Amino acid sequence: MHLPLVQASNIITNYNGTANLTPLVGGLVADSFAGRFWTITFGSVVYQIGMVCLTLSAALPSLHPPPCAKHAADCQRASSYQIAVLYMSLLCTSIGTGGTRPCTMAFGADQLELNAHGRRGARPKWSFFNLYFFAVELAKLTAVTAVVYIQENVGWGWGLGVPTIAMLAAVIAFVSGYSLYVRMPPGGSPMVRLAQVAAAAFKKRKAAVPDASLLYQDKELDAGISTTGRLLHTDQLKFFDKAAIVTDGDVLPSGQPNPWRLSTVHRVEELKSIIRILPICAAGIILVTSSSHNHSFAIQQARTLNRDLTPHFRIPPASMLIFTNLAMLLTLAFYDRVLVRVLRRLTGRPNGITHLQRTGVGLTIAMLSNAVAAVVERRRRSVAAASGLLDAPKATLPMSVFWLVPQFTIHGIANAFMDVGRMEFLYDQAPESMRSTAAALYWLTFSIGSYLGTLLVTIVHAKTQRSGQWLPDNLNRGKLDNYYWLVVALEVVNLVYFFVCVKYYTFKPLETVGGEEEVELYHGNGNGANGAKKQGGSFK
């Protein structure tokens, strides 16, 4: 579309922000009434429409500006109409992701949740998430190699047409398996239940909380939203326990409780679980902000470097993302097949280390990625200066593009720890009736992080105009390395925040249904379930 660097970068991050915000709505729709299968199906169809429009935008000459002349200093920018068509296409794909992203992982895990005896498993399918992210990275690898090659050498019409056709095949394949799937029924609006608990607690704010054994319980009422077992009482966030205090007027003439005045302990703990999850989720926001430049500035860096592999083949700039994908694929395979087995012997845990420990390792590695990026960028600018090419932004510098490989690779390794760890954590710690919504929280961090990336770039661009721009269109005259160091500083603060959140986090205590008693208390703050009381069945 021939847009300035900062504007193009912000369009990408704003699109990512929107595409990762809509899953919050999709997750609520799936958990409330539609179910995961139909939510995925609807989202896939809308996404398909967006991909068709995007392909037409690239294929039809009237929907994009003409190619730049070979030696022209300026290119004709896209018109308002052409930008509007692009935005409408991206909006459709954003809405479509709202149906697919929060549901696909949870839907896949649902297929593995039933054991051979038809009963629900005792622990989340942590290995499934490794497999899921492995498949996603394999798809990304195809995208940044075959698809990008087509875009660069054949044209954007075919470059977008190929994934559009692939998406159509995927939709058909998914829908055709309808009769084979385990389709968990929706448990009613989780947001309504959370609102009912909050309202009931507020109405009884002056009441004294009795002993936990006297709080309201109703197994039949909670049966549909606690098939793997009820949540047990915890001593944190005691204010919400007031919602489970039985007072006059709480029970309707029919004998059923008024949900806006009285909630069960299980429903109170659903709200507590979500509140406890939120600070951990927030740690992923800066993570996304710090990596948002991988799809913009880092690719522009690659454009200035020597990308020739042979006299007849040049690496497309966007294909540098292959090293992130490859690193994540190899790390996931190594983690699942080797590292977990070693760690299992050391810790005694089935998955080696906890989800939060895995996430913390990833956050630490991610800082190294941006530190390396800053050092490499400083080297790139020094080469441009030594070659007399500071004012030639389109010139190829005498420096190999493979200097960028370490930062992409380290980022892929970090993602293998962070992304899977965070998703495992959300699936495991969210109430079972809110797993699509919890998955949406994962994507919500991407949304907020992307918007924050836009804000950070905009502020840096505005504040550095007088003292020497960090992010001009001509990167040779910029100070992109300063931007990378700023991101590293933000990541250090974020890592400290994450460790504080983990120290005080309490894992949810779950009463399994029937079977032999089995105690497996995870320690978030040194005291396991922090006051959870055994009420029959067994702890998880």
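We count from 1, first residue shown onward.
For all residues, glycine too, the Cβ spot is worked out from N, Cα and C.
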Checklist outcome for this item: Per TrEMBL, the transmembrane segment among 194-213, 274-293 spans residues 274-293
Item to check | Beyond the flanks of the transmembrane segment (274-293) by at least 6 residues, Cβ under 8 Å | outcome: 9, 12-13, 16, 194, 236-237, 356, 359, 363, 366, 369-370, 411, 418, 422, 425-426, 429-431, 434, 438, 441-442, 444-446, 448-450, 452-454, 456-457, 483-484, 487-488, 490-491, 493-494, 497-498, 501-502, 505-506, 508
Checklist outcome for this item: Checking 156-181, 313-335, 439-462, 482-500 against the transmembrane segment (37-60) for Cβ pairs under 8 Å, the most are found for 156-181
Item to check | Tertiary contacts of the transmembrane segment (156-181) (same chain, 6+ residues out, Cβ under 8 Å) | outcome: 37, 40-41, 44-45, 47-48, 51-52, 54-55, 58-59, 64, 107, 111, 143, 146-148, 150
